[in-house]
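**Q** Provided herewith is a single structure, encoded as structure tokens, for subsequent inquiry.
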Amino acid sequence: MENISSDIENITKEIKKEKSDTITYKVVEKFVSINGEGQKAGQLAIFIRFQGCNLNCVYCDTKWANQKEAKYHLMTAQQIIDYIKSTNVKNVTLTGGEPLRQENIMYLLEKLSLIENINVEIETNGSVSIAETKKIKNSPSITLDYKLPDSNMEKYMDLSNYDFLESKDTVKFVCSSINDLKKAKDIIEKYSLTSKCKVYLSSVFEKITPAEIVDFMKEHNMNDINLQLQMHKYIWDPNLKGV
Ligand SMILES: C[S@@+](CC[C@H](N)C(=O)[O-])C[C@H]1O[C@@H](n2cnc3c(N)ncnc32)[C@H](O)[C@@H]1O
Ligand SMILES: Nc1nc2[nH]cc(C(=O)O)c2c(=O)[nH]1
Ligand code: SF4
Ligand SMILES: [Mg+2]
């Protein structure tokens, strides 16, 4: 009997391994840099960028990654984990494209949640539900965009996401104009975002100056909100990939 049960156990392990080997993710680039955005800005981070997006923001700086014909590597969760471990860097940013639209992404998130001493963050566009991610013990922190009017994608925002926000999460408003800033202010107030999570205002590179954002913040007494510049675009050529 003992032999039979250990045989069954081995077969089950084998089936599970085969299943995990067949789940792959479309990775268009992976690299280590300093995080130029978010709560870990300025710290070393590993970036895993997934192919494909369900939105098409006017200002998107990674349109190349969204194309169907973008060159990608198929990686299993284990290969992604091996890469992460090989770097000795503890911050991991999953981005894209839209990471939460990657097939079987929950499987990868669950695997990553089991690794000790890493911080996983997901950059997501605000149109996809984050509810499932919150069921994971040690869930990744979420940086959730609210796509403002000038992005042309505002109508796709899933506002039910705000019921799931925690203090480790961030809502980010990428602004192109004063009109965008006004809308950001309305949404921040309507959903009491500063009491739920971190709130960032960022500028679309070369569309609005950081000084204009600061002036708007001063004029409207916007406390508990961070101005966020994409640091990597000041350090390197703003069009450079892999930094
Ligand atoms: C390329 S997106 C990928 C993740 C996800 N699709 C999203 O939109 O959050 C990563 C972050 O870069 C921001 N971003 C994209 N293009 C930008 C630009 N031209 N200027 C400033 N931020 C930009 C997005 O708003 C998002 O916060
Ligand atoms: N250095 C650097 N930091 C980043 N933070 C978020 C990024 C993204 O594209 O999601 C990004 C990026 O592309 N590069
Ligand atoms: S949602 Fe993100 S990746 Fe998709 S088009 Fe907008 S900025 Fe680009
Ligand atoms: Mg980027």
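Here, residue 1 is simply the first one shown, and the rest follow in order.
From the backbone N, Cα and C atoms, a Cβ is placed for every residue, glycine too.
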**Q** With Ile34, Asn35, Gly36, Arg49 listed by TrEMBL as substrate-binding, which of these, Thr87, Thr95, Thr124, is given for the same site?
**A** Thr95
**Q** Of the candidates Gly38, Gly42, Gly97, which does TrEMBL annotate as part of the S-adenosyl-L-methionine site that also includes Tyr59, Cys60, Asp61?
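**A** Site partner of Tyr59, Cys60, Asp61 for S-adenosyl-L-methionine, according to TrEMBL: Gly97.
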**Q** Please check each of the binding-site residues Ile34, Asn35, Gly36, Cys53, Cys57, Cys60 and report the ones with a CB atom less than 6 Å from an atom of ligand 3, ordered along the sequence.
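**A** Cβ under 6 Å from ligand 3: Cys53, Cys57, Cys60.
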**Q** Fewest other Cβ atoms within 10 Å: which of the binding-site residues Ile34, Thr95 wins that one? Let me know.
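**A** Output over binding-site residues Ile34, Thr95: least Cβ neighbours within 10 Å is Ile34.
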**Q** Quick one: which of the binding-site residues (Gly36, Arg49, Tyr59, Cys60, Thr62) have their CB closer than 6 Å to ligand 1?
**A** Tyr59, Cys60, Thr62
**Q** By CA-CA distance, flag whichever of Cys57, Tyr59, Cys60, Asp61, Gly97 among the binding-site residues is nearest to Arg49 (substrate binding site).
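**A** Given the candidates Cys57, Tyr59, Cys60, Asp61, Gly97, the nearest one is Gly97.
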